[in-house]
Amino acid sequence: MKPTTISLLQKCKQEKKRFATITAYDYSFAKLFADEGINVMLVGDSLGMTIQGHDSTLPVTVEDIAYHTRAVRRGAPNCLLLSDLPFMAYATPEQACENAAIVMRAGANMVKIEGGAWLVDTVKMLTERAVPVCGHLGLTPQSVNIFGGYKIQGRGDAGQVLLDDALALEAAGAQLLVLECVPVELAKRVTEALSIPVIGIGAGNVTDGQILVMHDAFGITGGHIPKFAKNFLAEAGDMRAAVRQYMAEVESGVYPGEEHSFH
């Protein structure tokens, strides 16, 4: 199997073919996802909550991300692998470059960073130094203390600000964008305005791709279950079938449905 590249996702956007992505944190699940056909995975700082048991993503370190990136890469050698730069790992462009080098050497193909136009110089510096960048707008979990909790973003006038941020990130060189917990109407505007692929989570079925935290997809999340989550394991019966069902529902536009979306 050939390695999956950003060019393939760009082609999916052009041909209006939805694609499914998922978080992965270890060898075994990465291999399972790859075996069933998921070719894009994220080593997310969500591991702080799902793996380490913290109440936010803030305690996650670059070393944590690198450790899990190495494990996932061994399980899915041909996937397009995104890795988060965690909280305060990219406060300056220079710091971002140093930490991106660590996770890229661990096996990442691209780094994901949270934030808007203030990251333009960082995105430029990374891309000029051959580090592909995925932006992340909307509900950015590293900003939970600013937001006052995990709340939908981009309603009202904030929607135009988010769209402007998305365009600024693309112009700076970002090659992917994750949109989290925003109204469907805004997600549609952003997806149509950008030439780069947009991956949604809690953004309706109007984005080019979808991502879910694997624990949400399997119904094993402790505590609060996000509105946009769906337990595919409950219907499918086993993990492999659940992965296939998730992919099929994303590709057909069945998931996420209205019950998983915000307005």
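Cβ coordinates come from backbone N, Cα and C, glycine included.
Quick look at what Swiss-Prot lists:
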{"type": "BINDING", "residues": "Asp45, Ser46, Asp84, Lys112", "note": "3-methyl-2-oxobutanoate binding site"}
{"type": "BINDING", "residues": "Asp45, Asp84, Glu114", "note": "Mg(2+) binding site"}
{"type": "ACT_SITE", "residues": "Glu180", "note": "active site, proton acceptor"}
Recorded positions (Asp45, Glu114, Glu180), the one with most neighbouring Cβ atoms at 10 Å
Asp45
Three-class DSSP assignment, Asp45 (3-methyl-2-oxobutanoate binding site), comes back as coil
Take the mean position of the Cβ atoms of Asp45, Asp84, Glu114, the recorded Mg(2+) site. Which other residues of that chain put their Cβ within 8 Å of it?
Gly44, Ser46, Thr57, Val60, Leu85, Pro86, Phe87, Lys112, Ile113, His136, Thr140, Pro141, Gln142
For the binding-site residues listed here (Ser46, Asp84, Lys112), tell me which residue's CB has the most neighbouring CB atoms inside 10 Å.
Asp84
Can you see whether DSSP assigns Lys112 (3-methyl-2-oxobutanoate binding site) to helix, strand or coil?
strand
List nothing but the largest Cα to Cα distance in Å, as a whole number, among the residues Asp45, Ser46, Asp84, Lys112 that the record says bind 3-methyl-2-oxobutanoate.
12
Quick one: pull the CA-CA distance for Asp84 (3-methyl-2-oxobutanoate binding site) versus Glu180 (active site, proton acceptor), whole Å only.
15
Rounded Cα distance, in Å, between Glu180 (active site, proton acceptor) and Glu114 (Mg(2+) binding site) is 11
